[in-house]
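A.B. asks: Supplied in structure tokens, the structure appears directly below.
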Amino acid sequence: MASSSSWTAVSFLPSSSSSPLSSETSSPPVPVARGAKWLYPAAGFLLCAGPSSTSPEGPRRAPRQSRRRTAAPRRSSGAESQRPPRRSPAPRSPPRSREEVKRRHWREGEFPGNVKKKLEDREAAKAWVSTVTESLAERIQKKDWEGTLEVFEMLRVQPFYSPKEGTYMKLLVLLGRSGQPAAAQKLFDTMVEEGLDPTAELYTALLSAYSRSNLLDEAFSVLTTMKALPLCQPDVYTYSNLLKACADGGRFDLVDALASEMAERGITPNTVTQNVVLGGYGRAGRFEDMERVLAEMVESSVCPPDVWTMNIILGLLANAGRIELMERWYEKFRGIGIEPETRTFNILIGAYGRRGLYDKMTSVLEYMRKASFAWTTATYNNVIEAFAGAGDAKHMECAFEQMRAERMKADTKTFCCLIAGYSNSGLFHKGRGTMTTAFFNAVLSACAKAGDLVEMERVFRRMKDARRSPDATTYTIMAEAYRGEGMTDRIYELEQELQSVTGVAPLVAL
């Protein structure tokens with residue numbers, strides 16, 4: 001079937017000398033129909049849809065200077081032909097000077113400099129407020145309670161600043177953790193004087209500040225005040241703080257009294273509360289009471305044991321050296337569906353290592369690898385401590401080298417265990433170069449900053465065993481650490497020891 005139109009190929013490649021377009025008199029180019037498309041540009045042809053050329057000379061080629069595709073002229077309708085010609089744009093006015101433009105923004109008789117100064121002062125005030133509030137948050141994060149109170153007092157006297165309940169809550173928690181119950185009480189009184197109604201959460205924060213400092217009388221006084229206020233009744237978190245303070249202080253008679261009071265007021269203890277009681281019984285060596293409370297938790301549906309309960313029980317039994325009871329409770333926890341975590345395995349490794357049960361310690365390490373539990377710094381520290389205690393310097397160094405190969409960051413306990421291992425194995429020449437008084441002071445300072453007083457005292461004893469004489473810096477570091485915890489009896493012992501070593505009483509109390 002014949003088509004009404006055909007395709008004509010027009011070349012756009014450079015022409016040869018015999019081309020008719022090379023002559024001086026060239027024919028006009030072949031018009032290209034609208035809608036034509038370039039096809040196969042690599043072959044150098046333009047396919048045009050439309051009637052084919054019947055010229056005997058063949059298809060004509062467009063001139064070189066106009067390789068672009070020319071569009072067909074638009075057909076103008078009658079309405080378009082009657083449109084008036086477009087007007088040329090009006091000439092622009094000359095630009096005004098900067099002073100003229102600026103003068104238009106001010107009223108008559110108003111000096112722009114005063115307004116500018118007011119705006120600058122306003123922006124400076126906003127920047128100052130933002131900077132001081134950021135400084136307050138930064139000091140709270142760094143646990144700098146003295147600097148925090150200074151910045152807060154600076155902000156509080158400003159007329160544009162009104163502290164909220166959340167700010168007071170953060171400050172009370174910070175002061176409680178820093179061992180400053182008196183400052184917490186003063187801040188609480190200031191808050192009440194300014195007209196802010198205290199809530200149960202704020203009272204609980206104040207009670208926690210007293211509990212952390214073992215001031216049980218003041219803590220129970222806050223509890224009595226809360227009972228008298230209808231909108232500030234104590235809850236389970238309030239009693240949990242009191243129970244922890246009583247359990248840590250060995251006041252188990254108060255623990256039983258608080259438990260009875262909670263039952264009378266209809267407050268059900270949660271898992272956290274029971275974990276606190278368990279830890280208190282375990283640290284006091286009352287394992288029978290600990291197992292009694294734990295059995296009640298296993299049978300309870302309100303406060304069932306969790307992985308934190310498992311870690312507390314296993315850690316207490318491991319420190320007491322009751323390996324068989326620890327393993328039995330581990331199986332019980334696994335039987336009720338509690339899955340261990342990395343910290344659980346670290347507890348088992350430390351317990352087996354201290355008892356010299358290297359086969360069980362190795363089996364736990366292999367199980368961690370198979371179960372995809374990553375070895376942590378605490379894991380390596382337990383292994384190094386196990387070999388250091390046995391005086392096995394070879395395996396201790398192997399564990400430390402493997403720790404460095406896996407790019408684990410060594411901490412204070414790592415180096416303390418290495419020093420102890422070299423001392424126990426008699427290889428003083430390997431650690432003697434680094435075991436100077438300055439080195440021990442650095443380790444003591446790291447322990448004090450971390451709040452690990454047990455490890456700090458251990459390093460101090462190791463320092464004496466290595467025959468390194470403590471200096472004034474040593475006693476100052478330890479005294480500051482004890483003062484932060486309110487341990488005045490230890491500070492007195494340090495003063496007596498310093499006087500016996502130097503023969504001179506300290507001019508300034510440590």
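Glycine too: its Cβ is placed from the backbone N, Cα and C atoms.
Residues or ranges marked as region 'Disordered' in TrEMBL: 1-32, 49-109. Per TrEMBL, compositional bias 'Low complexity' is recorded for 10-27. Among the features that TrEMBL reports, compositional bias 'Basic residues' is placed at 61-72. The compositional bias 'Basic and acidic residues' annotation in TrEMBL covers 96-109. Residues or ranges marked as repeat 'PPR' by TrEMBL: 164-198, 235-269, 270-304, 306-340, 341-375, 376-410, 436-470.
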A.B. asks: So what's the mean pLDDT when you look at the repeat 'PPR' (164-198)?
C.D. replies: 91
A.B. asks: If we skip the immediate neighbours and take only residues 6+ beyond the ends of the repeat 'PPR' (270-304), which ones have a Cβ under 8 Å from one of its Cβ atoms?
C.D. replies: 236, 239-240, 243-244, 246-248, 250, 252, 255, 259, 312-313, 316-317, 320, 322, 325, 329, 332, 336
A.B. asks: For the repeat 'PPR' (270-304), what does DSSP give as the number of helix, strand and coil residues?
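C.D. replies: Per DSSP, the residues of the repeat 'PPR' (270-304) fall into 26 helix, 0 strand, 9 coil.
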A.B. asks: Going by DSSP assignments with H, G and I as helix and E and B as strand, what are the residue counts for the repeat 'PPR' (341-375)?
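C.D. replies: Across the repeat 'PPR' (341-375), the residues distribute as 26 helix, 0 strand, 9 coil.
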A.B. asks: How about long-range neighbours of the repeat 'PPR' (164-198): same chain, 6 or more residues beyond its ends, C-beta under 8 Å?
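C.D. replies: The answer is 140, 143, 145, 148-149, 152, 205-206, 208-210, 212-213, 215, 218, 232, 484-486.
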